[in-house]
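Notes follow the structure.
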Amino acid sequence: MSLIVDILIDDLRALIRDLGQNGGLMSPSVYDTSQALRLYPTPSEEHVWPAVNWLISQQQSDGGWGNPSMPLSRAVPTLAAILALRRHCQRRSTFDGLLEAKRFLRRQLEYWEKPLPDNLPVGMELLLPYMLEEAYREEHQDDIDDVPIKLRLNIPLAPYRELIALGEHKRSLIQQKKPRAGTAPVYSWEAWASHADPELIDGSGGIGHSPAATAAWLFAANHNPNLRNEIAGAENYLRQASLATSESAPCIMPTAWPIPRFEQSFSLYALVTGGILDFPSIQDVLKPQIADLHQALKPRGIGFSDDFMPDGDDTAAAVAVLIAAGYPVDLAILNQFEREPYFVAYHGELQPSISLTARAVHALDLAGVDISRWWKIFIDAQKLDGSWSGDKWNTSWLYTTCHVLIALKNSPYKTAMKEAVAALQVHQHPDGGWGIINRSTTVETAYAVLALQNLREAGLLDDDDIHMLQRGYNWLCIHYRPFRMKEYQCWLNKEIYCPQRIDRAYELSAMLAVTLGELKL
């Protein structure tokens, strides 16, 4: 047992030391890569084709792009990929793939005829109408020289009626507010603006910390000599952003970058959920990170980078970490994100988030605040099968359920928690792991193990539940590879993505929580 502890601690120490380096790590994005290829490709052909080939390799067997577990997240990357690949269609197989993508979009229309759910991907009400407009514009612009094929999509707009109306409302609100650089609306700049305003460039050198928005801004700037310095900075931003992905290839872009505070606050929060923040062997690398997080937390909160506006999710994670580490924190910093009955990431949000609210409530619980008034929110949101799902920031119900159970573990709602444990029991795969795609994944198994370990420490598990926990822990041990991060995309933004270091922090925290817990018994 001591050997695995030593290995896990060494791995965790290396992870903590690297948090926030080079702006953070992020999985590659189909949407942002497609937009960069379409709107502002690198002039070097040797860099374009790796991105084209990568895009082609990401197409699913049903013809679409994106994770099949989240159908509503797939239309935007699929449309973006179609429009980008039309310009680079030199093989019959690519053309056949585009035809399949066209059929996929037709089949997907049924999802958009239903009422819109709360877990729409970020900016979907802006991005999908924008991509539909772009597709319509290109189809009726026959003189586009760099489009070798004409692929008539002929997508009916009626099924998107509710989304388009929501988008028009959102655009009008944005235009009234005239957003500043480094604010949430600018993250989706490409969907509501067309004038290359240099005032919107933030400290990263890009637009809204978004490769897609930055590529669109560069396209709009059209090599304007009066914007020479700004254009050079934005081009450098795209080069640096491409280095943040696991592909590390020019033109292959993440969905957001830089994300150092998101990576730092959420990774350290994962340690809090595992109860290992005070473990002696990590303090020399941990304390500088926590001290850095403390100085970064301002009265308005903290964002996913120092150059982006504060949000409630990163703020809740940071506050929880600092309180758990013994730092004094003014809770007004967190409470400003409360909008009855939830906590919000950004003021003016249209959909609430259960996971964000759970994290904020957990932070308040750590601070000794009476959190009983929030318990009923979680109980009312519980599904009939005992789980919590439908969150706007993560597609996995295991993520949401994990964080709600941690927020509820000191509550009197034992029946609700037992029902959630029963849901975990039902959905555990025969191999002992968990995953929403009919196979076990590391990060989702880590969520389940962390939830169960927290309930075990609260005395809420029976022998069968502990056996379930042990099977999940064994699965993590069998599939653990020291110093090698896995990539499974279940976080939700403009499209589904994976912040690798954060997921690794959850994995290591889950394994250490159980391992150290066993040593205490």
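Using N, Cα and C of the backbone, Cβ positions are placed for all residues, glycine too.
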According to Swiss-Prot, which listed range is motif 'DXDD motif': 59-62, 223-226, 311-314? 311-314
Within 10 Å of its Cβ, which one of these binding-site residues (D311, D313) has the largest number of other Cβ atoms? D313
Per-residue pLDDT averaged over the motif 'DXDD motif' (311-314) comes to what? 98
Could you tell me which three-state DSSP class D313 (Mg(2+) binding site) falls into? helix
